[in-house]
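A.B. asks: Per TrEMBL, domain 'DUF112' is recorded for A:17-434. What TrEMBL records for A:502-645 is domain 'DUF1468'. Among the features that TrEMBL reports, transmembrane segment is placed at A:58-89, A:109-132, A:144-160, A:250-276, A:352-374, A:381-402, A:432-454, A:460-477, A:498-516, A:528-549, A:577-607, A:619-640 (among others).
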Amino acid sequence: MDAWTTAIAGVTEPFTLLMLVCGVVVGLVIGVIPGLGGIFGMALLVPLTYTMDSYAAFALLLGMGSVITTSDTIPAVLIGVPGSIGAIATVEDGFPLARQNQAARAFGAAYSASLIGGLFGALVLALSIPVMRPLMLLLKSPDFLAISLFGLFFVAMLAGPQPLKGVIAALGGVLMSFVGIDDQSAVARFTFGTLYLWDGLPIGIVFLGLFGLPALMDLSRRTSISGATASMRPSSMLVGLKDTLREWRLVLQCSSLGSMLGAIPGIGLPVIEWVAYGMAKRDRKGGPEFGEGNIRGVIGPESANNAKEGGSLIPTIAFGLPGSATMSILLGAFMVQGLVPGPAMMTTNLPITYSLILFVALANILGASLCLGLTNPLARIALLPSTIIIPVALVFVTLGAFQTHASFADIVVLVGFGILGHFMAQGNWPRAAFSLGFVLGPSIERYFFLSYQIVGTDWIYRPSIQALILLGGAFAIRKTLAWRRARRAASAPGAHRISDMVAIALLSAACIFVIVDTWSMPDGARRFPTFTAILLLVVVAALAWQMFLRDRPRAPWASDATARLARRNETMKRMLVPVHCVLFASLVMLAGLVVAVPIFVLTVIWSRNRLAEQPTGRAAAVIAALSTTALSYGIFGWLISVPWPRPLLWF
Amino acid sequence: MADSIHLLRALGLAIALGLTAISGAPSAAETVTLKVGYGPGGGFDTAARFVAEHLGAHLPGHPEVAVQNVDGAGSLKLARMLAGTEPKDGSVIGLINPSLVIATVTDPGLTGFDANSLNWIGSLSASPTVCLVGKASAIASVDEFLGGEFLLGASGKASSSYVMAALVKNSLHARFRLVTGFKGSAEINLAIERGEIEGWCGTSLTSYHATGAERTMRLIGRLDFSTSGETADLPALLDRIADGVDRDAAGLVIGYLAFQLPLVLPAGTPPDIVDTHRRAFDAMIADPAFVEAALRRDIRLSPKNGASVEAIVRGLTDASPAIVARAAELIR
């Protein structure tokens, strides 16, 4: 009890509370801006904590870290672009809700779910203090392998109407995750001679491209996000709150999941998000289809991602083992404060540990309250013309990606995955499955090799692995039966699309390339990519058989020339978004941030040639350009020291 | 037409604002950028930020020193930038991993830069590297360590945890097996605690104390040839190497441990600027305020000046082909 008293006294110091508020505000701002995340926030704030006492330092850092996944919902719901990787699943149903003029309801549900999730995570952390070390010591390498493989099972939940496409997307994600230097053999895999790819594809940019750009491409053919012109009803937010309370079982299930998986190193936020979404998707409870605005699709992921913070603190505190990249920076702050993670955090430094729990809880309450207060004004953004939203959002998406390495290669990855994400969405290739594969691929490879080196083939006899095999088998049989039933009930197969044929050909070629390219690599570097490529080739062949032989349609190709032409025109219009992205990045490199932003925003608005017809359009365009310039310069030019290339025009 | 005029005005205003902001930006003389070859957090970043707080006070004009993270390929990206494209006017300093110097010798095609072309300002630390086992382990002596069949943990094959363990195993014909793939020292320590592996090599004595590993780990021996200093009481594992070529090759492999956390200026920087920065570095490490701040932050200083680091680097890169070839074999 003494430790709690000391912790409460430390937490309630006025300066500590002020730092908590500052941290929460910074975290909310970072969450709103696509491309920025916890790592950015920690890098920004850790140097400021060097001269603070431990309580104030952790108030600032955890205040920031705890609420990013609360405010990242704002762009996810409003424009379909996730504010951080913690909101990629929220987009699925949050954005359709905004399109239906229900943004306020989505926010109400998301924030309340985040709040409960965050508090639940803090509670789990509090309860686990006495047992966290013995519990973590019980888990061996094969258990971590089992947990990582378990995450892949959720591909089945997210696969949609064509399960094979889900499996292919997941395996494609796994293959992409192998890019970079292989730790087993120190060999470069699929880096094509570039230094940039040595550390692998940057996960933040990959997800920003995969989910963010396609949303903006989709938006480019609408006049505004929400077609409605009526003002937001304040009562909508309350509806969202009530939704969360009604779905309390889902909230608790997903919060437990978030805090438990958060404690496992290597299981990132995207996995937690999609697994929670998969749990929510099991039952639509009379609401719309998932992907069309089912509120459970917002509540599930939002309660899980906020609960993760408490969970990922467990290995950090107990062993100095960071549960995430953000936690690894927080660990640096521990060292600076003279705190050594381990048993001392449960004994002599127990008040500090308790204070961390209080900070997570208080930050969640404060963050959710601030966001709830801002819900109605923010929801009005959905009524803004897309001609303003697209250039402004593109500025932040591009700069957010660009600040990762300050390299043009960041833009290439962003645009490449943007186009990939667009075609995946168009062709019903589930991006969620790709995400799971991409995040879990390295963990599965790493834990497999660790298990094999430590216990040989005995890893297969580990109870967790056997339980997983039984669970997976039962799950696969159940899902296969459900799919067969659904297929029988469905009408005759529709016409095939040329894009599917192209995708099958490209995937086959990619698999053959991987097999050939890895042929001369050492065993440790070759095994997993080759195995994945062969498996992928088999599943692609199965899909081709299914599409072109088993389900042979009367008209093998979508042959309506008019429809094809319309689709092509539509695609060309959408492709303007990645083109704009490249042009903006080029302009930044040519003329610098402060010049490039207003020119870009004004030119894009002007080129759309609609806004100028309205009397207020010019003022709105100039205000949008200037405020975007000020904000982007404030964040990327002044607040953080990004090593931008020198503008070519001025030097 | 009126719309176009308004838009042109807006563009003009934006350009004017931009140019004002650019012209108002600090010049190279007012700001020095300290680029660190790793992402935020971790030892390199923490050290860079610590140096940034102090170095400016000792440079002419007292410039502000700003830290930038240029993360990529274990700081090789930054090393290549420093060897090629970075400005040579003293406005950019780099902090890179010194093990790259060994890599330029053993695998010059891969690293693609010449370590001697860089201008070394000085280094902050030279903490001895050690091998350790869990306290629950039955291994208590060097003989048991070298003769026993057990598992040692390591990160990737390019990491110091692998390189140092491989050096011990190959040069002293030890019988332990290496398990690779752990993500950093905390994960290796955890695997030792849960009994999956027995120990590991390649951690610094500073980390051993700072991370509380002394509570659960036992020191077995050190990886240097020195006869004095804080590790003098520990058995020197590499002293058991009898063969002369192997001893020299081992010396080459561990050579970079003598200049940890090195600061460098880009290749081609004029000698007077290099001298200015070296003097500033020397003044900084002699400054009692700097030393006291380092103690407060638990940063154990063991600095070397620029000339000493340059001499060490030249000694390592001038190693004979036979020694280089043997060193490459020993860490395979």
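Cβ coordinates come from backbone N, Cα and C, glycine included.
Because TrEMBL annotations are produced automatically, they should be read as predictions rather than curated entries.
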A.B. asks: With Cβ-Cβ distances below 8 Å as the criterion, list the same-chain residues six or more beyond the ends of the transmembrane segment (A:619-640) that contact it, or say none.
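C.D. replies: Residues 33, 36, 40, 43-44, 388, 391-392, 395-396, 399, 403, 593-594, 597-598, 601-602, 605-606, 611-612 contact the transmembrane segment (A:619-640) from elsewhere in the chain.
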A.B. asks: Which range wins on Cβ pairs under 8 Å with the transmembrane segment (A:528-549): A:352-374, A:432-454, A:577-607?
C.D. replies: A:432-454
A.B. asks: Counting Cβ pairs under 8 Å that are 6 or more apart in sequence, does the total for the transmembrane segment (A:460-477) and the transmembrane segment (A:144-160) reach three or more?
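C.D. replies: Judged by the Cβ rule, the two regions touch, with the required three close pairs present.
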A.B. asks: Near the transmembrane segment (A:352-374), which same-chain residues lie under 8 Å Cβ to Cβ, leaving out any that are not at least 6 residues past its ends?
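C.D. replies: For the transmembrane segment (A:352-374), the list is 3-4, 6-8, 10-11, 20-21, 23-25, 27-28, 54-55, 58-59, 62-63, 66-67, 70-71, 73-74, 107-108, 111-112, 114-115, 117-119, 121-122, 125-126, 129, 237, 306, 309-310, 313, 317, 339, 345-346.
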A.B. asks: Determine how many residues of the domain 'DUF1468' (A:502-645) DSSP places in helix, in strand and in coil.
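C.D. replies: Per-class counts: 117 helix, 1 strand, 26 coil.
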